[in-house]
Amino acid sequence: MISSTKLTFSILLLSVLADADPIHVPLSRRAKKTFDPNAEAHKLRVKYGRISDKALEGRFGRRANSAGIPIVNQEQDSSFLGTVTIGTPPQSFSVVLDTGSSDLWVASTDCTACSRSTPLFDSTKSSTFQGSDAGSRPITIRYGSGRVSGTLSQDTVSMGSFTIPSQTFLSVSQLSSGLVDGSVGGIMGLAFNTIASTHATPFWQALSSGNQLSSSELSFWLERAPQTSSLSDDTSPGGVFTLGGTNSSLFTGDIDFVNMPSDQQPSFWLLDMSTVTVNGKSVQITTANDASLSAIDTGTTLIGGPSGDVAAIWNAVGGSPSPGNPGFFRFPCSTTVTIALSFGSGKSWPINPQDMNLGPEERGSSMCLGGIFDLDMGTDIESDPSSGNPNWVVGDTFLKNVYSVFRANPPSVGFAQLSSLAGGTGAPSSGSSTSAPSSGSSPSITNSVSGTASIPSNSNPLSGVLSTFSAGTPGTAATASTSAGAPNSTPDGSNDSSNSSSGSGSVGSGALGTTASSLSSMVALACVMGMTFVLV
């Protein structure tokens, strides 16, 4: 006869092996004081195969102590970070979440050139670590003028409640100065395994193939830094990353999915850009023969495109090439530039003018740099659409304006309008793509010390942290009292019932209602408390 204890354990084990609910991970934003558009442009040209190895060696090979490329700071927005743990017992690292690459790497204790503030993985402190054979050749990954080099390793890697016991990653021993700074420990690539320099299966794909994800989706809300922000070279709340689904509190309406080109093997997250409008007027871009193939890249700050198309866009603005920044265009700082992009047969998504203006090209100048640059400028490899490499790279300049969903099956990328809780966006123009009803989930908050607090589906996913979250003793569940049925709260704190019937974009209710600005504080507190957002 099976004891009740064994039966309970068996049920729990089966529940663990079944598809898991998504996790909602608070992002932090890493900003830098310096703004170097040329460095950002070069980084992208290397990342997407537009500069040959020979040219790289000629330009950077003799600089053993290269200063690397500083991450561009666009209104305090540079890199968006999430937390992973590696090893047994777990060692925690903040890593850049990058849909434009596929490798996972972290700096190790063997890294002699790493800064004192860089967190280092110590393999000797992990009982589950497996290293490469002695004498194995190091693997190098290039990021612009910077590069990382190290050895293949395997260990237990976790993000929230998801774990891969023997995940392959690069344990980095050489790291160009300036490639990562401060508390950033590495990069987690979220593209497909076909472009992995390590030839390893990316963490998210390993979860998907192991049936750990209820939905093979990666979703992002990238929070824009306030214009009044005084942050520099530091981290701050940066949004929410959902692994295994979506978060319905952060978008409104349907998710507008566009399938990736069927003739392309999944590599980057690729879409065909179909139209560009400037201040409401269409600009002709080249779309034939995959010429508008675009990588949707959370690890990129700006937007890069082909020479002719980028010039046409800025001609429509009245801009001109920037003498000191090859490939970039300048325009009068007083000009409001509203650019919208559409992909496939999808909707047209407007970009906030704030994101398109990178600021004065030099101190005191009345001319500002634009957020779309010429990706072809200075390259020594001719663009070849048949290669599968994109001609456009669409980064955070665009992605901060939408809720983005990267779906593996079928391979597609979807966008939705941000809810007022997430800062809102301009409404997209209608299109004819296949839309999917919002199937996002409402998270609860799990704390390894304080237990779990469930939150209703129509409430702010983070407000429970600052509401009536009562901490219990270790091993006991905390509770959060909520008030249901009250009108939704608008960002200015007033009540608004107009959105109450739209489940996908509703704002917090009752005591849990909050403003978009207070959401930043909540994410910050969640990060400090080491919280992970999971479903129950």
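Placement of Cβ uses the backbone N, Cα and C atoms for every residue, glycine included.
If you check TrEMBL, you get these features:
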{"type": "SIGNAL", "residues": "1-20", "note": "signal peptide"}
{"type": "DOMAIN", "residues": "80-416", "note": "domain 'Peptidase A1'"}
{"type": "ACT_SITE", "residues": "Asp98", "note": "active site"}
{"type": "ACT_SITE", "residues": "Asp297", "note": "active site"}
{"type": "COMPBIAS", "residues": "421-451", "note": "compositional bias 'Low complexity'"}
{"type": "REGION", "residues": "421-457", "note": "region 'Disordered'"}
{"type": "COMPBIAS", "residues": "476-504", "note": "compositional bias 'Low complexity'"}
{"type": "REGION", "residues": "476-511", "note": "region 'Disordered'"}
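According to DSSP, Asp297 (active site) sits in a coil region rather than a helix or strand. For Asp297 (active site), the count of additional Cβ atoms within 10 Å of its Cβ stands at 29 [all protein chains shown]. Taken residue by residue with DSSP, Asp98 (active site) is part of a strand. Of the recorded residues, Asp98 (active site) and Asp297 (active site) place their C-alpha atoms 7 Å from one another. When pLDDT is averaged over the domain 'Peptidase A1' (80-416), the result is 90.
Its Cβ placed at the centre, Asp98 (active site) has 22 other Cβ atoms within 10 Å.
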